[in-house]
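Peer 1: The structure is given below, and queries will be raised subsequently.
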Amino acid sequence: MEIRASKGLQGQITPASDKSISHRSVMMGAIAKGVTLVDNFLMGEDCLSTIDCFRKMGTEISISGDQVKVRGNGLHGLKKPQELLYTGNSGTTTRLLCGLLAPQRFQSVLDGDASIRKRPMNRVIEPLIKMGAKISGINGGYTPITIEGTQLHGIEYPLPVASAQLKSALILAGLYADGKTLITEPKPSRNHTELMINGFGGKVSTQENRILVEPTEELYSCDLTVPGDISSAAFFMVAALIVPNSEILIKNVGLNETRTGILDVLQAMGGQIEVTMYGNTIEPAGDILVKSSSLHGTEIGGSLIPRLIDELPVLAVAAAFAEGTTMIKDAEELKVKESNRIEAMAAELTKAGVSVTTTEDGMIIRGGCPIHGAEFESYQDHRIAMSMAVLALAAEGSSRIKDPQCIQISYPGFFETLKSVQR
Ligand code: S3P
């Protein structure tokens, strides 16, 4: 994909639907009683992997446009899959399914693509074993993972990492346990699972950093509309900020507070960003107006990290165009995403002329130097590919993004949307 320096980005867009919420809508719908209608579902490859896994467990799921209809068979209604459950590139599908499958009354096997096979699964396997699960991976905790469903017990578990996937796996397992499960988080991570389970009639309560899961007899279907993904909107926010003569209105973006760290950081960097909330819904949403701005460097760390973990690659691009130094710290989790995002971003930014130093838990970016186009690798990582596409819009000359098809994971239509705002 070739991208040239842009003269300005203008107009209105609606970003791809939220990936995290789309995954969870199918999972909850499948274990609830009744039909769940999900509007504005993300038809990205990751969420289609989730649909595929549940179809293999006997859940009837139909797709019409961007609407998904899930016919749930109740908490104990999943059936033993006749084949391996293939989770593709999706960490969310893989980890949440570990938690959901551990208490079922059947055996199952999970596996994914080459990237999934490198991602640590011990973080879910170990606490699930503490709950009584019969679950094992290979080579010390990688897929393929074999699960022999069994009765689980509630536990008290302090999460060693702030991970919503890990937390959600334990919450799902806790729904089936014979006692309460108490999870403590080191820092708050996205809470879509908690909100959705309560919407489906379950009982998950949160007090500060403690999440209490009560076992449930049944969940009940609940229609929902998925808001836009702030992680996808992020590419257009940064693009509008760094390309001169730009003004983009991004409509219907999910604004759950556990996800809005990017707004705090870009505003702290001097970005002109106005947010209009739509009103009080379970998953808040609103519009974001972004205008070209002179940015300055900042420090990103601590409890901000889980609130913007997926936006760090594109924030690194914003930092490259900001005056002064930006330091990203406490973000070692970036090493175990779809790619090692610290190494990947440092290598690609360096190709464009940016001065970057990697650290154990992040990177230091010295911004404000001339940035030029180049041939960029995607590392088969959707967020690296889109981040470098954004950089290319504001770099001198033209660039090429290699293997851009991985963008289908979370943002089918990314390039079409980009084209629609090009002036
Ligand atoms: C997600 C949680 C995050 C995030 C991922 C989606 C989720 O992962 O990076 O893209 O839907 O729960 P971790 O739980 O590994 O932090």
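Every residue gets a Cβ built from N, Cα and C, even glycine.
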Peer 1: Going by TrEMBL, Lys19, Gly91, Gln165, Arg341, Arg383 bind phosphoenolpyruvate; tell me which of Arg55, Arg119, Arg307, Arg423 is listed for that site too.
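Peer 2: Within the candidate list, TrEMBL flags Arg119.
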Peer 1: List which of the binding-site residues Lys19, Ser20, Arg24, Ser163, Asp310 have their Cα within 10 Å of the Cα of Arg119 (phosphoenolpyruvate binding site), in sequence order.
Peer 2: none
Peer 1: If you measure every Cα to Cα distance among Lys19, Gly91, Arg119, Gln165, Arg341, Arg383, the residues said to bind phosphoenolpyruvate, what is the biggest one in Å?
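Peer 2: Looking at Lys19, Gly91, Arg119, Gln165, Arg341, Arg383 as a set, their Cα atoms extend up to 19 Å apart.
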Peer 1: About how far apart, in whole Å, are the alpha carbons (Cα) of Arg341 (phosphoenolpyruvate binding site) and Gln165 (3-phosphoshikimate binding site)?
Peer 2: 18
Peer 1: In sequence order, which same-chain residues at least six apart have a C-beta under 8 angstroms from Gln165 (3-phosphoshikimate binding site)?
Peer 2: Gly91, Thr92, Arg95, Leu96, Val124
Peer 1: Across all the protein chains here, work out how many other Cβ atoms are within 10 Å of the Cβ of Arg119 (phosphoenolpyruvate binding site).
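Peer 2: Its Cβ has 19 other Cβ atoms within 10 Å.
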Peer 1: Could you measure between Asp310 (3-phosphoshikimate binding site) and Arg383 (phosphoenolpyruvate binding site) for me? Cα positions, answer in whole angstrom.
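Peer 2: Counting only the Cα atoms, the answer is 8 Å.
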